[in-house]
Amino acid sequence: MPPSGPADLQSPLLPDDPEQETAYDPSEKVHVVRVDSDLSDGAAAPPFSWRKLWLFTGPGFLMSIAFLDPGNLEGDLQAGAIAGYSLLWLLMWATAIGLLVQLLAARLGVVTGRHLAELCREEYPNWARTTLWIMAELALIGADIQEVIGSAIAIKILSNGLLPLWFGVVITAADCFIFLLLENYGVRKLEAVFAVLIATMALSFAWMFGDAKPSGKELLLGILIPRLSSRTIKQAVGVVGCIIMPHNVFLHSALVQSRDIDHTKKGRVQEAMRYYSIESTVALAISFIINLFVTTVFAKGFYNTPIAGSIGLVNAGQYLQEKYGGGFFPILYIWGIGLLAAGQSSTITGTYAGQFIMGGFLDLRLKKWLRALITRSCAIVPTMIVALVFDTSEETLDVLNEWLNVLQSVQIPFALIPLLYLVSQERIMGSFKIGPLLKISSRWFRSSLSTGVGKDLFLCHRSLQFVFFLALPYKLIALILLN
């Protein structure tokens, strides 16, 4: 495809084929009003503008939903109940690393005008493209099972057990049609709904935090002093897996294309990346605080208790009710409201991500309602099976949720490797390619794509190496500090 941008931008991948699959049609994009004086050459970014920041705000908050889904809440409460405050440092650094990954995804989408799934389809050979698509779909299905089950559990709680788990799954399955209805009113309306859902989660879990009154000293030590023991390894891997979600990388690279950006001017591209960086940082800071609330509430109430190992999404509300009582408003229902907001918002973004992944890898030109229906079916069918099989076995369902978080950790490199490869290529990114430090890191990941026979098995091995590589330096520091 010939270059469509200026020489200094050097990005040849901007779509110029009207028949080509794109994340957003031109009519759907938000027009960014130029409140500053236009630069004659567009070589430098305009000065900061609060109005511009407001217009760019939205994609980062939709992306942050993946950091707040029921899988995250499951990881948070189990980390708190089993490990106490000791994994808060890992939660913080996993969020920071997640922010870096999401900024790279946004950078790729803004500069190229294409999202990660589309670029994988064009840049990789058939075997690699197929492998990456299958792994992305598996990661998405695993996340969707947690999200839909989380919503169903919340519906069961708020209905006082009148609605069984499978019926909650059916209700949640209808959210794809709600999503389509909201999307018809425009991108900004959809983003406003998600802002309300995030605010609902923040208020619910902040209320729980206030009722539990966790130790401020223990909280601060948990954030500042790295601690990791063999007893909490599974929870640590789950924390990383539920924070850094593979499908979210694909999602964010597409969401940033909802703004109408003048790609022919380097300054406008720099401006977009600056505003997206600010709003993504704010969004993930809020998500970290919400996750912190949940972890510390369960650390305060259940750490070192006989029931610590048996707490999960299914019974967490009841245990909270028994521990902290009713109060002005029963904490069981506060938990249920927060869980429902997390589940409903994440299932809708999961539908969104599924459309981009399927459409990008397969270059599907289907109507949105049909793509949404196909995407939801891929998740709802296995979720309904899970609901029917595990409805009477709360302990088994919680174990399944915990291992689904571990699955996300194993899937991380299948999104990171192509992302790091693509953003380091001058042919693709032009002058916006990543610097030498990140390029050195990317070579380590990319090496697993060129190892000859047994590539898939080696890639899975590398994924486990990556997860434990994140934790190893902090484990060594902890041993030095504590011994």
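Even glycines carry a Cβ here, placed using N, Cα and C.
Feature list (source: TrEMBL):
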| type | residues | note |
| --- | --- | --- |
| REGION | 1-26 | region 'Disordered' |
| TRANSMEM | 88-110 | transmembrane segment |
| TRANSMEM | 131-155 | transmembrane segment |
| TRANSMEM | 161-180 | transmembrane segment |
| TRANSMEM | 192-210 | transmembrane segment |
| TRANSMEM | 236-255 | transmembrane segment |
| TRANSMEM | 276-299 | transmembrane segment |
| TRANSMEM | 332-357 | transmembrane segment |
| TRANSMEM | 369-390 | transmembrane segment |
| TRANSMEM | 402-423 | transmembrane segment |
| TRANSMEM | 464-482 | transmembrane segment |
Within this structure, do the transmembrane segment (88-110) and the transmembrane segment (131-155) have 3 or more Cβ pairs under 8 angstroms, counting pairs 6 or more apart in sequence? no
Between the transmembrane segment (236-255) and the transmembrane segment (88-110), do 3 or more CB pairs sit under 8 angstroms, pairs being 6 or more residues apart? yes
Within the same chain, where does the transmembrane segment (332-357) have neighbours whose Cβ lies under 8 angstroms from its own Cβ atoms, ignoring anything closer than 6 residues to its ends? I mean 6 or more beyond. 23, 62-63, 65-66, 68-70, 72-73, 115, 117, 133, 136-137, 140, 143-144, 147-148, 150-155, 157-158, 172, 175-176, 178-179, 182, 194, 197-198, 200-201, 204-205, 207-208, 247-248, 250-251, 254-255, 313, 316-318, 320-321, 368, 371-372, 375-376, 378-379
